[in-house]
Amino acid sequence: MGWRTVVITKPSKISIERDQFKYAPKDGEVITVPIDDISVIILEVHQVTITSALMSRLTESNIVLFTCDKTHTPNGVFISFHQHSRYAKVAHHQIAWTEPFKKRAWQKLVSSKVYNQAQTLAYMGKEKVKQLEKYSENVKSGDSTNIESTAARVYFVALFGKGFNRRNEDDWRNSALNYAYALIRGAISRSLAAHGFLPAFGLFHHSTLNSFNLSDDLIELYRAFVDVVVAEHFEEFIELADTRFLPNHKVELYQLFTMRTIIDAQTTTLLNSIEVCVTSLMNATLEKDVGLLKLPTLDNRDE
């Protein structure tokens, strides 16, 4: 799997030529990059021509392609069609998930999410680490006592301060979080589809208006990874809640995909951990065994 994130910010044509990704801007120098070095491509502008040969190669090489809206926020992801050999089998088993299976799986996901939130606080030198760790140990089947919500109220105040509100659209920190969450959600959606899952059918999320309920289940595992990047790289602006989220801030967020992650007792990139996690969900689904789930852990050790 590649490691580069390519962001297209100018009107241009992108194509594939002799196993090289070719970027040809309307004004400027042509640039080529080995296609196998690339993991993610983000089209931030609408004035981009892309060849069908390149799109086909992106699916073959498992490269994630994002499109963005007029505010340059990711609004779409190119999903390969029935890439996994057991597509129909996985989909049939997914539809047959029992309530006990879904509740136990959601229990594990919430516990992992809250544990990673605790690791974020520990890495940032914040308080409430032990409280979050205790919460993570006490999640019940289906999160019947709503530990997720309880932990969130403690977590965000500890991480960003008492004045922080996740619903404040004018706070640049929320803009940064939402932008990065969208990137991770897209990568998860693509992996789910490639493994044969129907993203509309979730373990916990079940809105009939949402085509990516399962993606919204799994992204809970990765929110803390985004949070720590935003908190760490933008800490100098913490007191400037009205600071605009600038294009150069996004550069830090693009590094998320190569962020060091622990899963299945191995250290890997965040993007690769998504593949491992989704593969484990596939195995758990086929074997009807929640114990087969492999979930990511934030690696908060110093480099």
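Including glycine, each Cβ sits where the backbone N, Cα and C put it.
Because the structure is a prediction, the values reported are computed rather than measured.
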Of His205, His206, His233, residue recorded by TrEMBL at the Mn(2+) site of Glu148, Glu220: His205
Neighbour count (Cβ, 10 Å) for Glu220 (Mn(2+) binding site): 18
Any further residue of that chain within 8 Å (Cβ to the Cβ centroid of Glu148, His205, Glu220) of the recorded Mn(2+) site: Trp106, Leu109, Val110, Lys113, Phe204, Asp216, Asp217
Glu148 (Mn(2+) binding site), number of other Cβ atoms within 10 Å: 19
